[in-house]
Structure formats: structure tokens, C-alpha cells
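As annotated by TrEMBL, signal peptide applies to 1-28. Among the features that TrEMBL reports, region 'Disordered' is placed at 101-162. The feature compositional bias 'Polar residues' is assigned by TrEMBL to 136-152. What TrEMBL records for 158-489 is domain 'Peptidase A1'. Per TrEMBL, active site is recorded for 176, 377.
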């Protein structure tokens, strides 16, 4: 009896120790699935170093490097940290326009009767992705910054595989999934009304493949709300944007070269001679990727399968990529959800958000809250959520961040923290749950911005949400437009 008591006295503490150790192991495993520890320096808004791509460019694919404007990886870097006030205003104008165009008053009115725009206090369009395209076919022997040169030697535009010469001029264009008409500035383009640009100006008269559209051509008559009359029997276009800016000129076609193995003949786009408002000097125009018939995606549907993909890097210190066509990746590696299309507003790609998880727990937001859908937009920075969903997200996030000292709100951000002197931060993992149970975990760069929870609520639950580019970062977003679906593959760039 005494021996058994002694044995129990020895075995019991060991058993308790083993069980407690097992419990700690389980908690550590759970913590790994629910939280992530992030170095604060990886979330820095601006860094002087460009680290390039995290992935290598595929061979013989329609692949282009992508970067965030005004960072160290852009053609003309700018070390200034983006102003939150400007980002909020830039976003609000764009969000308001998306909401209006999808409302009962705005359906079918893509270009007319826009509400009075606000004013942006600086010319730089911050935190927006852009990529280099080659326009025209003239090949010269020397480059020039003057208007009219057609030489383009740009190794980055071929994926970084050494210096190679492509026809035409390289044009850094904003990638815009919520507009339909591509355009570039064209010679003659006096400044003003045109804006200065880093790239050589495109001169259509020096490209033998250039052709303007006549006013009775199908391309012109199908411009619809973007048509802007006729000058010397040449079709004119005009595109306006949420901040009141606009581009107008002649609607033309020319060769568009993506890389040495992929070129698009007779690509249709706006040849801009007159602008109103402000455009970024690092860009020569806009590459429209919307669902309208004028966009790059629609024009190349027969050749490239009515599909495209991109991956926006976590910060301006890295490069992402743009890809026209279907990625050479197994379909099983994507989280897939249907695209919701409105025939009266074909521009937008909407998806249906079903729920949100924070630290592994679903918020169980009522389905009716997400019924208006969410628009995928590359030029909106911060995601807009229905207020009911945002309040649930905020409450769960705050309860997971109690170890950090709160800080005053910053503009539209109402959940901020004082992380001064903090080397690493323990963030709850956040995932968006789309229709058909497509669970997409957001990168830490899309959770915390300038020490704040990087989401903003809409005014009411009846407004559609907008999935901004900050929450899309490091994720390959694959638009299978022809198949009516969007795929998400995380941790790619």
C-alpha cells in the first residue's frame, strides 16, 4: 500500500506535467492558425530599397511586371509617404461613383450626369498599381525624352531578363478594373492641357500600324456613352473619372506589344490630346480592364480566353505582375467564387461576400448584409464594408488586440494603435469568405495600415462593398471573365 502511494505521488505530477505540456502545444498550434507575428518593418509605408520580384517570370507568357506608383520600384521613385487624407479623399470619390453607377439613379449612366466631384490636393495618385505596355511599331536607333520618339528599350517590361528592344514606346499605364476605355497621351499633347509624363510620348504619325477610326465605323458607333462627336471624319472619345478629371481625343488603333512573344494587332484605344483635372506624372494613361467591350480584356477575348490576372505586392518595395490570359496554374490551387454581372453596368466585376473570420472565428454576419455584393477595384485602396459587417469585424479585431495601447482615430480609420518601439506585432488572421465557401486569408499588409485596422464602413448596408487593392495584396486575383468566376491564390508575390 505504501509503495502504491509512493508510486502515485511520483506518477501524478508527471502526468499533470505531460498533460499541461500537451495543452500548451495545442494552444501554440491553435495560435499559429489564428494569429500571425509580423515584423513592423515589413509593414513600413515607404522603404528606400526595391527588393524586386518574389517570383520569376514564366516563359512565353503574357506577363508584365507591376509596381505601386511612387515607390522605390517605380520608374521615378518618390520617398514621400502617402497622405492618409488624400488617400481617403481619392477613395471616397471613387467609391461614391461606383455606388452611384450601381444605384437605380445611376444604372446605364456610365458617363453622363455625374455628381459634382471633390478636389484632390496633390497630383500623385498613391498606392495604385501600374504596368508597362509598348504602343506602336516604329523602331529607332536612339531614345529621346522628346515628344515623338518611338524607341523603347525596357528590360523590366520583358520580365527583367536582360536588355531587349521592343517596337514602339513603353507607356506606364494604371491598371483599372473599373473602367472600359484604354488611353494614352498622344503627340501633339501640349502641357497643359496634357500632363507631363516620365515616359516618352507616343506619336501615332511615326507608327505605320496606326489608324484612326472613321465616324461611321463600327468601333466608333459602338462607343456608346464614351463617344464625343466627329472631327475631320475621325471618331472622338471622352472618358470622365470620379474626381472630375477626363481624357479626350481621337479613337484609334495600333500595335500593342506586351513582350517579345506576345503582341496585339489593331488594339483600340483613346489617343488623348486634351485632359481636364489631374493625372499622375509617372503614368502615360490608363489600361482599362473592365467588363465593357472597349477594354483590353474584351478586345483580346478570342486570343487570350477572356481572362487576366494580377498580383499586387505587399508594399511599394516589391514588384508584382500582370498577366493577360489564363495562368498556367492548376485550378485546384485557387479559391473560386462566381462573378456577379449587371448587364446595364457591364464594367464592374462583383463578388458575393458571405462572412468574415477573425482569429479563426466566423463573425456570422446576416446574409442580407452582403446581398448587394462587393466590387473588385484596383484603384480603390481601402476596402469598404457594410456597416453591420464592419462593426462585427472591428469588435472582434479589438478583442484580439488588447495587449496593445490604443491611439486616436486617423481620418476614416477608427481603430488605431500606438506601436511606437514595437518590433513585432501579433495580428489576428482575417479571412474573407466568399460565395461557394471560397475562404481567402488577407496578408498582414492588408490588415494594418499606419497602425490602424485598414477597413472602412459604407454609410449603410444597402450599398455594395468595394474590395480595395490593399486587401488584395500578395494574392493572385484571376478573373475568368468568360467562365464567370474569380479565383484567389494567396502568398504569390
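In case you wondered, yes, glycine gets a Cβ from its N, Cα and C as well.
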(request) Could you round the CA separation between residue 176 (active site) and residue 377 (active site) to a whole angstrom and send it over? (result) 7
(message) Using a Cβ cut-off under 8 Å and a sequence separation of 6 or more, which residues in the same chain sit near residue 377 (active site)?
(response) 94, 98, 177, 178, 466, 467, 468, 469
(request) Taking the Cβ of residue 176 (active site) as the centre, count every other Cβ atom within 10 Å, in any protein chain shown. (result) 24
